[in-house]
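Asker: What Swiss-Prot lists as topological domain 'Extracellular' is 1-29, 125-130, 191-201, 324-351, 471-481, 580-584, 975-1013, 1106-1109. What Swiss-Prot records for Asn4 is N-linked glycosylation site. Taken from Swiss-Prot, the feature transmembrane segment covers 30-50, 104-124, 131-151, 202-222, 303-323, 352-374, 482-504, 559-579, 1083-1105, 1110-1132, 1200-1220, 1223-1243 (among others), and the record attributes it to sequence analysis. Taken from Swiss-Prot, the feature region 'Disordered' applies to 410-434, 892-926.
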Amino acid sequence: MIKNGTCPYWERDDLSECARREYIEFKFPLFILLTGMIYAFCKVFRAFYLRGKNHTNEAPEFEEQGNGNHEYARFSVLRLKSAWESRSFCNVNNRSTFDKFKKFIEGAFIVLQLTIHLYILSSMPMDNKKFFHQGFLVQMFLWILLLVVITLRLISASQSFRWVLACKRDLWAVSFYSYASLFTLSILPLRSVFIGKIKDKIMVKYIISETFIDLALLLLLSTSSIEGTRYSFLVENENKKLPPAPTVFGLLTFSRIDRLIWKAYKHCLGNADIWDLDINNKSIAILANFEMSSKKGRLLPNIICYFKAVFISQLFLAFVSSFLNFVPSLLMPRILSYVNDPKSKSWNLVSLYVSSMLVSKIIATTCRGQGLFLGEKGTMQLRTVLISNIYSKTLRRTILKDSTTSLQKNASTSFEENPDSSEAEPRKKSSRKDNSVNNVMSIDAFKVSEAMNTFYLACEAVFMTVTALMILYSLLGWSAFAGTFALLAMIPLNFWCATFYGNYQADQLILTDKRTSGISEALNSIRVIKLLAWENLFYQKIINVRDGEIRLLKKKATIFFLNHLIWFFGPTLVSAITFSVFIKFQNQTLTPTIAFTALSLFAILRTPMDQIASTVSLLIQSFISLERIQDYLNESETRKYEILEQSNTKFGFEDASMEWEAAETSFKLKNISIDFKLNSLNAIIGPTGSGKSSLLLGLLGELNLLSGKIYVPTVESRDDLEIGKDGMTNSMAYCSQTPWLISGTIKDNVVFGEIFNKQKFDDVMKSCCLDKDIKAMTAGIRTDVGDGGFSLSGGQQQRIALARAIYSSSRYLILDDCLSAVDPETALYIYEECLCGPMMKGRTCIITSHNISLVTKRADWLVILDRGEVKSQGKPSDLIKSNEFLRESINNDSKNTTHNQIDLKRSTTSKKTKNGDPEGGNSQDEVCAEVENFEETKMEGSVKFSAYKWLADYFGGLGVVFVFTSSSILIHGITLSQGFWLRYWLDTGSSGSKSTWLYRIVEGHSNIYFLLTYIIIGLVSSFLTSGKVWIAIISGTNVTKKIFAKLLSSILYAKLRFHNVTPTGRIMNRFSKDMDIIDQQLIPNFEGLSYSVVVCLWIILLIGYVTPQFLLFAIPLCALYYTVCTLYLRASRELKRIDNINISPIHQLFAEAIKGVTTIRALADERRFITQSLVAIDRSNAPFFYLNMATEWITYRVDIIGTLVLFSSSVMIIMKASYLDAGLAGILLSNAFSFTETAQWIIKVFSSVELLMSSVERIKEYTDIPSESNGYISPPANWPQTGDVELKNLSLRYSPHSSKALDNVSFKVKAGTKVGIVGRTGAGKSSIIAAIYRLSDWENGTITIDNKDIKHIPLERLRNSISCIPQDPTLFDGTVRSNLDPFDRYSDVQIYGVLSKVGLIEECDELCLIFEQEQPNFSSHKLRNRFIDLNTVVKSGGSNLSQGQRQLLCLARSMLGARNIMLIDEATASIDYISDAKIQKTIRETMKNTTILTIAHRLRSVIDYDKILVMEMGRVKEYDHPYTLISDRNTIFYRLCRQSGEFENLFELAKVSFDNKR
């Protein structure tokens, strides 16, 4: 009996009558009345005072404030609000009519309750009712308060009482709080009624009616949508689905997602089926709130500050859940005591214990679910914050090398930034590459965000550990501290393991960066790699890095094994030490009740110990990743917004000196003073490497400004500029030398966020000579350009990039050599119709070019650059007198001006003939321009068995899997035997004197024998369990090594068309996220699944063996378990696949931003790109959010099912108490306790395996892609010996549905003949090279080289036998030597020889090198040529070289090593004419006996060749000597020469060549 003064709380097995009257009926209701009344009064008074001014149905407004977290306003999320709202609208999820009707029912129940109170109060006798009257009066006042509250909630819909809306949610909260509290208070009196303790009929009726009404009211509110909560949604279109309005029941049990789960069960889900996110979970809201709460400084404190409310809530929920989880353990000794002696306690009391176990577990489950879901929601929000900040940083990051490190470098560092790079590569302090930057977003951001899930688990682990130790102390006394000290002794070992694990993780991330950088570089240059037959070279380089990763993964597995062994053996060691001390030193008897209660606590303790181990490991990984993100966010940012000065009258430089980086060898622009002529065409010319592109980048503010000033029209964001009457804004548009396109349609790339105007669009297409190409494409302007424009020819890419600049509303255009990639006819047309046509009215245009005769013809201002200095500038007519080369070019052009204008008009007219078909024919030059808009496919249904079998085959087949599962059964059998051994030991008796306990003989054995056996069983079990995990991970690592090699080989050797239609970001997703999942998550989850299934089966068999009646409960419970699992698995599978697909666009946007950051900043379009990233993040977050909700949905239900198993087991035990011994009951209950966790773990792990297997499916899909067809006949070693090439009736198309790129092409090239291939852009010129290299399979026809059909020759041999200089000069990360000779086949002399031939080094360079070697103190930084040192660094893509230097280096690479056939695809387009002439001379002199096929837009480059092949519409139109063709006015070649602007020179050169060969 528990007493409180004169009033006992508890009498034997029930609440006392005085306690019920004092507390249940008076004090507790009074507390509810006072708190509810005060809270409601405060909220109503405030709402009345404010008159509802703050209530709105719209989305919450974000005030335009901030703390300067971002340096520039254009990157502020708060400033994005207006842009976001302009493309979205608010939708409000209002309450249903049925929900509104429920309020009237609610009011009726309250009136009924008041009526019952009045009736009972008037009918009860007046004697001995001191507390009774007070209690009834308090409860009456409480119900009157609730009647007032429901009245206010009902009248809120009236216009006269709209102010109530402001406090409607608070009034609803008062009602729910009161109903829930009253129902909870009514439970114990109701129990008293059921067990017969209350016998007064009126009181019985009152208690039953009160409980029923309280329950009814609680259910009404729990199942109705929460009042006062307007869930507003910013959605992109009206078809976006909204989730159901939230209810208390739905939020607590996650039933809100029932509809989506049921829909997924009936059919496969798509993006359209996924509900939208509410405004609080939209990225714009998350980032705005984060920005307002953040301060300048490190990321970690800002994250903690922003999520502090989440952390506090999780802390509270973890405390409640942890405490309630131990209630069953606290009640277990009482139940076992009853089993041991059924007469010691009443059955009513024991049933209360069992019921309390059920209720406590349900509440603990609810709290745990809410805590975990808060963490998962925080994971999504943190991921949003990190990805958005990384993306925003990418748009702010400088394209220059970090000055903080460059200053520390030795001045003799190899070469630095290029003078003419248009899209330079961003860099990090530690030489971070763009490709590794992608890992910061795709891997590190995800790892850090996952740490949000660990906070709740960490708190729960700490609370559970402390609570368990406290209970153990109360159970075992001070001997529990012995176990505690043993537990503490393991912590340093754990941290030692964690330290090693963290170090290995950091090293692995470095190698992962290196691997993904290599893969990204290979994917971006795959065409060139195939042309050079370097697939195996890149394969080996990447595999070597991968091998280092594998070694680190195995080291991590070993550390994980040790860590697992420590914590798995911990409970056994702790229990053994505790029991020994309890018996020996405390001289106590270890009874089954105490032993198995302690074991149940130790079993529960194992969970937090495991959580601590895994949490520490994950937190270490997260902190490493967070540091990498912080390093990235700390990198230098562009200073363009500081150094650029706004001017309405001046556009140019004033005595400006600029550099790429602070190094003596860095290229510099010195003392630049240029005042570009407004509303005019300004041209910049100069030799290769003179600094033309650097000058334009300097004008955009991308270079370091050392001195002087730079004047631009504006530095404002594009969205903030006013549109003039002419539709223009004072902004700049930039077209880089290397065209940058986004993944999307042609229309998307041209319109580029501007308002679409069809007439303007058509005019731009026509002026950029794209209208005919568009007509030839099946999808027209909706044709997908592919990843970075991969599905277009180089000329088409350049013209689309130009069209983007022309279509923009910018009044100032900056064009970097945008005419070099197109043929002369097209270049002339674009120049006349676009750059000098009506589209340029009122615009200022600055253009750089090597085509001097063309661009200076109608330029108003001319700037001549050389070696970073302005040599001269002025009107072209004034510069003729002082510049002989310029004068000769312009004079030559003037002779042909009349002819050119006439021919231009004639060609423009002729292009409109032939039923509208473009004269150039097919617009697929290199690859199919009609490529479909390929969306990433989503697997449907469950993961196919073939995927599991495919993975199992790498392990050695299904037999190995069977052996592995069987070992799990055996190992857990050993684990269970430990409990039976303890029961056997206790049954034999373990008490004795303190001095003789260890040596007392029991049945022929001492107690030390039993203790050591107990420890050995635990040690063997732990070692086998941990060893099985280690073997699984090591085996999995070997498997992932094979899978990666297969995937890499499949991608590298895939047909080029696969790369044309598949975005690089999508492929990289396989190599980064999917591969990381297989590396580190899949195999441990498989192992955990097999272990959990075995444990559950053992538990069910054990309980069924002890209490066969349990099977009656087990069958429906298993059916329920199967049902919810099936529902969940289908939904989670679909949601995960959609999540996987929706992640790829984020990768794609990030990759595009890295490549095009200069263009984006030039257009001042950062805000739009940030908005696009937020939209992509929201699309990715939606399935991720509902996937997490579905995960908690199944977790909650599995926990409830597990609780029912525990409840039914306990019921069976107390029902069979007279037939069971306490030891067996203890074993059964101990295992029943762990069933909930194990069953939950099964579904979690199985669903994780299913979700993770989607990554296996995705990788398997890419390992099954068709590879290039290889030949089988190896030619002789000296093949090709002569170099004869013949094409017969060759037809080629790039996709089954596209038109032919080559149509019945036939021509023959004799050995040593030099053939120039000409024709307008898209005529099929590059397709000839593609056919010869077998980059695409042709439909029919043959190609023979030295009379051997190349279709039967192995690809590597074929491609190694031909030299090629591709259209896009592609270089790789490494050195000059590694780019020229990666296999180390040639000497330095040979390499210097080819560098000299292409003009990259001269004799004076060699003298400088000798002089430096002889006189170390001599400094020749200003004179020394960077290519002298063959170990000079070349950045990925050659980003630290000018376009011309890249082309020359590629030319040198092809000339290194004599081959009898060379194919040149527009290799000199980006170098000046003088250098071009020298190179052509070199080719003629050094390759006299080499068969050369050259694609050229510069006709001068091929005018002295042996033959000219004219292509049109994929057909051979003309094939003869240049002089023969140019002499015939009816030939296409004649027209091309006329339109080139240098007809007279071409004619003379052709005639001289013809005469010399006659």
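Just so it is clear, glycine is given a Cβ too, placed from its N, Cα and C backbone atoms.
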Asker: Test the contact criterion for the transmembrane segment (131-151) and the transmembrane segment (1110-1132): 3 or more CB pairs under 8 Å, pairs 6 or more apart in sequence, then answer yes or no.
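Answerer: No, these stretches are not in contact.
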Asker: Assess whether the transmembrane segment (559-579) lies in contact with the transmembrane segment (1083-1105), where contact requires at least three Cβ pairs under 8 Å among residues 6 or more apart in sequence.
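Answerer: Not in contact, no.
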Asker: Could you put numbers on the helix, strand and coil content of the topological domain 'Extracellular' (324-351), residue by residue per DSSP?
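Answerer: Counting residues per DSSP class in the topological domain 'Extracellular' (324-351), I get 21 helix, 0 strand, 7 coil.
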Asker: Count the residues of the topological domain 'Extracellular' (580-584) that DSSP assigns to helix (H, G, I), to strand (E, B) and to coil, and report the three numbers in that order.
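Answerer: Reading the DSSP string over the topological domain 'Extracellular' (580-584) gives 5 helix, 0 strand, 0 coil.
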Asker: Against which stretches of its own chain does the topological domain 'Extracellular' (471-481) lie, if we need a Cβ under 8 Å and a gap of at least six residues from its ends?
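Answerer: Counting only partners 6 or more residues beyond its ends, the topological domain 'Extracellular' (471-481) has Cβ contacts under 8 Å with 326, 329-330, 333, 578-579, 581-582, 585-586, 588, 594, 597-598, 601.
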Asker: If you run through the topological domain 'Extracellular' (471-481) with DSSP, how many residues end up as helix, strand and coil?
Answerer: 9 helix, 0 strand, 2 coil
Asker: Across the whole of the topological domain 'Extracellular' (580-584), what does the mean pLDDT come to? Round it, please.
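Answerer: Here the mean pLDDT over the topological domain 'Extracellular' (580-584) amounts to 80.
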Asker: Under 8 Å for C-beta pairs, could you tell me which stretch among 104-124, 303-323, 352-374, 1200-1220, 1223-1243 has the largest tally with the transmembrane segment (1110-1132)?
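Answerer: That would be 1200-1220.
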Asker: If you run through the topological domain 'Extracellular' (1106-1109) with DSSP, how many residues end up as helix, strand and coil?
Answerer: 1 helix, 0 strand, 3 coil
Asker: So which residues does the topological domain 'Extracellular' (324-351) touch in its own chain, when a touch means Cβ under 8 Å and the partner is 6 or more beyond its ends?
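Answerer: The answer is 12-14, 195, 357, 360-361, 363-364, 367, 464, 467-468, 471, 475, 592-594, 596-597, 600-601, 604, 1206, 1210, 1213-1214, 1217-1218, 1220-1222, 1225-1226, 1229, 1233.
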Asker: Where else in the chain does the transmembrane segment (352-374) make close Cβ contacts, counting only residues six or more beyond its ends and a cut-off under 8 Å?
Answerer: 13, 191, 252-254, 310, 313-314, 317-318, 320-321, 324-325, 327-328, 331, 334-335, 453, 456-457, 460, 1188-1189, 1192, 1195-1196, 1199-1200, 1203-1204, 1206-1207, 1210-1211, 1214, 1236
Asker: As a quick check of your reading of DSSP, tell me how many residues in the topological domain 'Extracellular' (191-201) are helical, how many are strand and how many are coil.
Answerer: 5 helix, 0 strand, 6 coil
Asker: Which bits of the chain, at least 6 residues beyond where the topological domain 'Extracellular' (1106-1109) starts or stops, bring a Cβ under 8 A of a Cβ in it?
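Answerer: Non-local partners: 1209, 1212-1213, 1215-1216, 1220, 1224-1225, 1227-1228.
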